[in-house]
Amino acid sequence: MSQTPWLLILALGILLPSVFLFLAKALQTAGILKTEIAQRLSVVLSLAAAYFIFQEQFNQLKILGIALGIGAVLCILFSHRQSTGQGSQGMLYLGLVWVGYALIDVLLKYTTSLGLQFAVALNLMFVCALIISMGYLLIKYKSLGSMQNIGAGLLLGFLNFANIAFYVKAHMLLKDSPAIVFAGMNILVVVFGVIAGLVFFKERLKPASTLGLLLGLTSVICLAYAMSA
């Protein structure tokens, strides 16, 4: 336990629940569209970190795939435009979401250098996040909520844990290509979100969404080829 990265665990334990709170506040003050854009375009900061911090080399195919992916995300998001009021408070929470998600990406990438300590760190950061979240609820609301809320929270927590575990595993398998993991995750989340809307919720595919879907698929193909280049 002497080599356990406590500072990293504490940082992620604080960041994970904090960013969810910022996300909720951004949704309330700026609307879903701008919040989605801030969340997904945090990949720009993650990609900058891949280049400047993790010293990843970008070939033309990788740059093309990333550019197409960002274009796909913007097309899909702007196809669901809605008018919302947005003041300085909304801008503040959007900025916190943008920076917060990128910082989590970078710190999770760093956990891949821990080797066998990765599993220990992942479990401890979620325990830390749980303790901080419970403390926040008890201080602000004097209660942990109803059993229904607790059950829903546990389900979402389990899914989030699995998501982060697979995400970090992807970074471990592609340790020299963090940009592909950063971009691939954000692009595929949006693309699969559109597909889920079509299949399960019978949404109509708008022209901008169609273009975004095509750009997203092309982007994934480019990034896949970039991995083997």
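Backbone N, Cα and C define each Cβ position, glycine as well.
Straight from TrEMBL, the features:
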type     : residues : note
DOMAIN   : 3-77     : domain 'EamA'
TRANSMEM : 6-25     : transmembrane segment
TRANSMEM : 37-54    : transmembrane segment
TRANSMEM : 60-78    : transmembrane segment
TRANSMEM : 90-108   : transmembrane segment
TRANSMEM : 114-138  : transmembrane segment
TRANSMEM : 150-168  : transmembrane segment
TRANSMEM : 180-201  : transmembrane segment
TRANSMEM : 208-227  : transmembrane segment
Counting only residues 6 or more past its boundaries, what in the same chain has a CB within less than 8 Å of a CB in the transmembrane segment (37-54)?
23, 26, 30, 66, 69-70, 73-74, 77, 94-95, 97-102, 105-106, 109, 178-179, 182-183, 186, 189-190
Please identify the stretch among 60-78, 150-168, 208-227 with the greatest number of Cβ pairs below 8 Å relative to the transmembrane segment (180-201).
208-227
Other than its close neighbours in sequence, what residues sit by the transmembrane segment (114-138), given a CB gap under 8 Å and a spacing of at least six beyond its ends?
3-5, 8-10, 12-14, 16-17, 21, 144-145, 157, 161, 164-165, 168, 172
Using DSSP, what's the helix, strand and coil tally for the domain 'EamA' (3-77)?
63 helix, 0 strand, 12 coil
Interface-richest range of 6-25, 60-78, 90-108 toward the transmembrane segment (208-227), CB pairs under 8 Å:
60-78
Taking a Cβ cut-off under 8 Å, which residues six or more beyond the ends of the transmembrane segment (6-25) line up next to it in the same chain?
35, 39, 89, 93, 96-97, 100-101, 103-104, 107-108, 110-111, 121, 124-129, 131-133, 136, 160
Average pLDDT across the domain 'EamA' (3-77), rounded to a whole number:
86
